[in-house]
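Enquirer: Just passing along the structure, written as structure tokens.
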Amino acid sequence: MIEYKKLSNGFEYIEIKNSLAYAKIALQGAHIFHYEQNSKEPILWLSETSDFEIGKSIRGGVPICWPWFGLNKDDSLPQHGFARTSIWGVANTDERSADITLITLKLEYSKESLKLWPYKFELELHVSISDRLTMELKTTNIDEKSFEITQALHTYFSVSDILHVAIRGLDKKPYLDALTFKKEIQSGDITFNQEVDRVYQEVSDEVLLKDKNRILHVENEGSCSVVVWNPWIAKCKRMSAMRDDAYKSMLCIESANAFEDERVIKSNESLTLKATIY
Ligand code: TA6
């Protein structure tokens, strides 16, 4: 089943259901904001106080940070780029089988985007909804000149209790601690008892999120960097569209090309960042 929905304020999204999964994708930002494998707890976290308004990124799900991750040198430009607050089009839908639904959403450069970022591009998100959630973010440079991007699939995961989870697979990886701006090396699993905001590099293996009753897998391709974030108490209070206690039930493992993992795309070439979650 694929259904197009529109809220009373005009906010549009697509509802997808098949024999193995249920998902929702907003046209704004090609933003997947719900994904669950049938009859299981949702895998993506969604804030109870998220906006569903044109021009405001949904808090939770998988925001697409593109064509830059984090702050831009020009602080008049939006953090994490403009893709997540742009209206994408549905380029293709394919109910491939009872178990698999494929959706392609597309964003192209415009007069407005050229004012923010002076390059001609095509951006596609290829989504496969099944017992796995696969996202492929494909950037094509249709300009005459090369351009450089940083990007992330900024995935918010739902967890039972932040005190009872661990992230495995980043042991011995170097990371930039965004709180101290120091470079560190990860030792063992990542557990949480304070704010964590780290950009790991040299990542090639899958990352595991070990929760009380489930282990989630994050497999990346076209990416050597992974961002791990939990706002903890103080920052959570400062975040928009997050309840004060939201930090207890979420964390982000973001499949990225961030910082040293920035990518240059030559004219008429493409780059795909892929994440598979299950
Ligand atoms: O990826 C981690 C991070 O950069 C945090 O520092 C925090 O700002 C988070 O992203 C959310 O950013 P947003 O712009 O969605 O509020």
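These residue numbers are counts, starting from 1, taken along the chain as shown.
Yeah, the Cβs are placed from backbone N, Cα and C, and that goes for glycine too.
According to TrEMBL, the active site annotation covers His154, Glu254. Taken from TrEMBL, the feature substrate binding site covers Arg59, Gln79, Arg84.
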Enquirer: Determine, to the nearest whole angstrom, how far the Cα atom of Arg84 (substrate binding site) is from the Cα atom of His154 (active site).
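Expert: Arg84 (substrate binding site) to His154 (active site), Cα-Cα distance: 10 Å.
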Enquirer: Would you list the other residues of this chain near substrate - those whose C-beta lies within 8 angstroms of the C-beta centroid of Arg59, Gln79, Arg84 - in sequence order?
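Expert: Near the substrate site, the remaining chain residues are Ser57, Ile58, Pro63, Cys65, Pro78, His80, Thr85, His154.
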Enquirer: At a 10 Å cut-off from the C-beta of His154 (active site), count the other C-beta atoms across all protein chains.
Expert: 24
Enquirer: Given the recorded positions Arg59, Gln79, Glu254, state which is nearest to His154 (active site) when distance is taken between Cα atoms.
Expert: Glu254
Enquirer: Return the count of C-beta atoms lying within 10 angstroms of the C-beta of Arg59 (substrate binding site), excluding that atom itself.
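Expert: Here the count is 21.
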Enquirer: Please list, in sequence order, the residues in the chain of Glu254 (active site) that are at least six apart in sequence and whose C-beta is under 8 Å away from its C-beta.
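Expert: Correct list: Cys65, Ala152, Leu153, His154, Thr155, Val226, Val227, Val228, Trp229.
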Enquirer: Which residue, out of the binding-site residues Gln79, Arg84, shows the minimum number of other Cβ atoms inside 10 Å of its Cβ in this structure?
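Expert: Comparing Cβ neighbour counts within 10 Å for the binding-site residues Gln79, Arg84 gives Gln79.
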